[in-house]
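As recorded in TrEMBL:
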DOMAIN    36-298  domain 'IspG TIM-barrel'
DOMAIN    314-415  domain 'IspG C-terminal'
BINDING   Cys317, Cys320, Cys363, Glu370  [4Fe-4S] cluster binding site
Amino acid sequence: MIIEPGLNQADTPLKVGTAGRRPTRAVAVQWGGRVVQVGGNAPVVVQSMTNTDTADAIATAIQVKDLAQAGSELVRITVNTPEAAREVPAIREQLDRMNVSVPLVGDFHYNGHKLLADFPECAQALSKYRINPGNMGGGKKRGDNFAQMIEVACRYEKPVRIGVNWGSLDHELMARMMDDNSRRAQPWDAQAVMRDALVVSAISNARRAEELGLPSNAIVLSCKVSHVQDLITVYQDLSARCDYPVHLGLTEAGMGSKGIVASTAALSVLLQQGIGDTIRISLTPEPGGDRRREVIVAQEILQSMGLRAFTPMVVACPGCGRTSSTVFQELADSIQSYLRDQMPVWKNRYPGVETMNVAVMGCVVNGPGESRHADIGISLPGTGEVPSAPVYVDGKRTVTLKGDTIAQEFQAIVEQYVERRYGAGDTNNNKVGG
Ligand code: SF4
């Protein structure tokens, strides 16, 4: 068949959107009346992890609060020593006093079985336990320690995440699988065996947990690696072999743009295929950096893909030689920060505001067109253009701003728009005209 250039041969509209979500069991992670469902077609959940010393209850509670207010729906804390385990109930109480109901996940390695047994109030205050089967000792000890943790999870009715990581893969399992591999007619390369071992470790430990009495709807799995292509392959395989919900994350993603780009590349491919029930972006913070960044990046990935909406999005052009001032860059930045800062209050007061689109454009080439497509947009003057900035509301040109107060006036217009469109007075959420 000869393909006619430019013609849609199938004569059907192009399909847009992600694949249907992979069906999984639903796992409830709860604290008090707050229930966060992972899997079972619930929206993809955003997680984060503190980097404070858990033994410092006040510092940890403050960081958990910050992460929760930024939008983290589960927060994981390190529980690595008796001092840390002892403080977990105090952290929980402090959060409850501050009306922060986000469920806490305890991250255990090596001594989790002992800490959970020795500190029952810690076991109770946590809403979920992360267990790394590769960090539980060797031989019979490994099985006993794992069983002890699962027994505590059953007793307190807590779900667990069986979190396998390639940096701490069960070396006995890996050795066994390498031996088996050597007997293949055509042995796989070591990386392929490692990928297989990650999946086998996660699923076999989940089955063992079920044999020990943990309900199948109390298990989440993860298999984290630090290379994008490995991560995609491992999760595709894991998802095809079981129906437990999965937690996605590129481990040791790195700092700054490298960590963001690598995480986005890996997670977007999987999310597009319907794989992933909860995500965390493991960014290495810059010294003194803001830990909430990992929450914002996770939200932006999900919102950019159209999977969830968290905060109004600002569309801004990149700028070019047609605009020599930084006015539009400053306006785009200040409006994005302003919108994000308002969300803790707006999300309750103005339901639906998180889906609003705002455009801030640098000149007349794409400015009016992009602004018309947004709910509210502004087209700033480029070099040599008349020094005025037309504002578009719901596709219609309304006012034209001029002078030094464009930013303040535009922000006021946005505020009025939000109040009129999403406020209680407009229960139908009807669009407002210009
Ligand atoms: S809208 Fe204007 S300033 Fe912005 S990138 Fe396009 S041409 Fe350049």
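Yeah, the Cβs are placed from backbone N, Cα and C, and that goes for glycine too.
TrEMBL entries are annotated by machine, without manual review.
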Here the mean pLDDT of the domain 'IspG TIM-barrel' (36-298) is 96
Per DSSP (three-state), Glu370 ([4Fe-4S] cluster binding site) is helix
In all the protein chains shown, the tally of other Cβ atoms within 10 Å of the Cβ of Glu370 ([4Fe-4S] cluster binding site) is 19
Note on [4Fe-4S] cluster: the CB centroid of Cys317, Cys320, Cys363, Glu370 has further same-chain residues inside 8 Å, namely Pro318, Gly319, Arg322, Thr323, Phe328, Met361, Gly362, Val365, Asn366, Gly367, Gly382
